[in-house]
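Colleague: Annotation source TrEMBL lists domain 'ABC transporter' at 1-218. Among the features that TrEMBL reports, transmembrane segment is placed at 299-321, 333-355, 376-403, 409-435, 447-465, 522-545.
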Amino acid sequence: MEAGSLLAAMGPSGGGKTTLLNALAHRGPSSGGEVLYGGSVWSARLKRRVGVVEQDDQVLQQLTVGESLRFAAALRLSHLTPAAREARVASLLAILRLASCEGTQVGDSSSAASRGISGGERKRLCIACELLTMPSLLFLDEPSSGLDSSMAYVVVDVLRELAHTHGVTVVASIHQPSSQVFALFDSLLLLKAGLTLYHGPRAAAADRFGALLGKARPPDFSAADWLMEVLVLERCSTAQELLLRAEAEAAAESAFESAAPVRASAEASSADAASPPPTWAYQVRVLGARAWRLARGSIWVHEVAALQLCIGLLAGFLFFRLGYDAADARSRFSASFLSSINWMFFPLMAALPLVPRDERMVRKELQQGAACVSAWYVPTTSIALLPELLLLIVNAVPFYWLAGIADDAAAFALTLLSQVLIVVTFHSVGLLLAVGATFTRANSGTLSMLFMSFCFLFTGIFVPPSQMPLPELRFANPLYYATSLIAQLVFLQGTEYASPVPGGPSVPRDEVLATLGIGTPASGWCALILVAFASVARCGALLLLQWRLRRDLQQSAAAAGPARRRWCLPGGGPRLLFRRRRPKRVGGGAPITVVAAAR
C-alpha cells in the first residue's frame, strides 16, 4: 500500500477486521507472528506516530467541538506554544470540515433533549483529535458505523482527502459500504474468517472474483454488495479460496521485498513524536480547566437548589424554635440526625456517576500517555464538591434559623464547617463505591443503597445503642459520627436542661448526651474520625481506579504479544505491506500474519 492512500478492510462480521487493526496498532490479543515496522522496536515515540479511532466515539458531551480539540491539544501537544497549538486546531477544524460547528456542544446523539452535533461530525471530531500529533498512520474501526449514507460519504471523503492531500496513510475497516463510499477507497483488503482473500486495487477486486467464479458481476449489483455476497454466501470453493490467498500472499511478499527496510533514525521522527510527556502539575491545570467546563452547567441547578431550600424550610418548621427542656433533647437529636442523613444521601449519590462519565476518556488519555489517572482524579472530584457545598448553605441557613439551632454566629459557623466535613466524607465514600462496583457484578446504585441502609439502621436513632444486638457496629458507621458531631455541637449552647418536672433539678448536658448514646466519642474525635473516613475512601478510590486501569492496559499490551512488533521505514515513503510470515489467527478460521511499514 503506497503512502498517502486509503485502504478498506472489508469482510463479513467475525472476519477479523477489528482484530487486524488492533494487531497493526499494537493493541488487542495476538497469538504469534510479528508486525514489522523496520528495525526499531515499538516505543512511546513511535506509538505517537500511529492514530487509532475506535468504533465508539470517545468524546465528552458537555464540551463544544472547539473545546474538545483544544483540551486534547493542550495535553498531547504540551511542548508547543499556545499559538502553535491554536494554529493546529484551526487547521484541523478546516481540514475535517468542522469550522461551522466549532462552538456547538457535542451533546448526546441518543437524546433529543441534549442533542448536539450530528453523528458524522462526532466521528470527524474523533478523527481530528487523533490527527493532533500528525501521525503517519491512521487506523479507523468502522468509521461509518451508525451513519446514514450521506454522512458516511462525508466521513470517508474526509479520509480520502487526508490520504491524498496530507499524506496520511489511512486504513479503515468497513462492513458493507454504499457504492459511492466504496468508490472513494484506493485499495481493498478482503477478509473472511481471518484469512486474506484479496489485497490489491479496489477497482480490480470485482473483476478478479468474477474471473475466478467464471461469471461477471451482475450490472444491478454494486461492487461492494456483490463482493460481500460472494464472501457471505460462500460462493468461492475451497480451491478458489486457496488460489486467492496464494495470490494475495505472493503480491504482499513481492511488495515487502521491494521495500528495503531501514532502521529508523532520530531525524526521521517528527518533533511531535519525540515530545516529552507533560508534567503532573500541567496535567492537573489542563484537566482542572476541563473539569470546570464540564461542571459549569451543574454548579447551580435551579431545581435542585429549590429542592434543598424546601427541605430546609420544612425541617425548620418541623423543629421550630426548639427549647432547652429535657423533653426537647430527643427532638434536637432527631434534628441532628435529619441534617446528617440529608448530607449523606445527596453528596454520595452525586459522586456515583463521576467515574463512569469520564472513565473511557481517562482510559484513552492514559493509553496515549497524555495524562495520568491522578491528574484527572484530583481536580475533577474536587470541583464536583462545589455544587454540594453551595446547596448545603441553601439548606442549612433556613433550617438552623427556624429551628433555633446554633443561634449565635460562632456556633452556626462551627456547625456549618462540620456539615462541610460530612459532605466531603460521604462524597468520598460515593467515589469509593463507584470504583468498587466495577470489580463486582453489582452496580454502584445497589452498593450505595446497601451502605446507606447500614448507616440508617446503626446510628442509634431507631434503636438505642444499649439495645442493639451488636452495638459495636455503630463505630464502623460514618453516619453515627456525623450525627454525634452535629448533636454535640448543637448541645454546646445548653450546658444544662430544665427538668421535665416543675421545680425539679436541671439535667446536665453530659447526662443528656449519655442518655441518647452519643456522648462518646467527643466532638473533636468525631471530626478526626470523619477526616480519616474521607481520606481513606478518597485515596482508596484513586488507588483502586489506578490499579484497575493500569491492569487493563497491561493485560492488553501483554495480549498484544511480545516485543516482536517492529517498524519498517522504507526510503521511498510510508507503505503498509501485508505478507504471510508466521501463523497468526485473526478472528476465526485459519491464521494470518501482518507485516507493516510506515513513514
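Backbone N, Cα and C define each Cβ position, glycine as well.
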Colleague: Is the transmembrane segment (522-545) packed against any residues at least 6 beyond its ends, judged by a Cβ distance under 8 Å, and which are they?
Modeller: 355, 373-374, 377, 381, 418, 421-422, 424-425, 428-429, 431-432, 434-436, 439, 478, 481-482, 484-485, 488-489
Colleague: Answer with yes or no whether the transmembrane segment (299-321) touches the transmembrane segment (409-435) by the criterion of at least three Cβ pairs under 8 A, sequence separation 6 or more.
Modeller: no
Colleague: For the domain 'ABC transporter' (1-218), what is the mean per-residue pLDDT, to the nearest integer?
Modeller: 83
Colleague: Counting Cβ pairs closer than 8 Å, which of 299-321, 376-403, 447-465 has the most of them with the transmembrane segment (333-355)?
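Modeller: Ranked by Cβ pairs under 8 Å, first place goes to 376-403.
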Colleague: Counting only residues 6 or more past its boundaries, what in the same chain has a CB within less than 8 Å of a CB in the transmembrane segment (299-321)?
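Modeller: That would be 331-332, 334-335, 338-339, 342, 346, 386-387, 390-391, 394-405.
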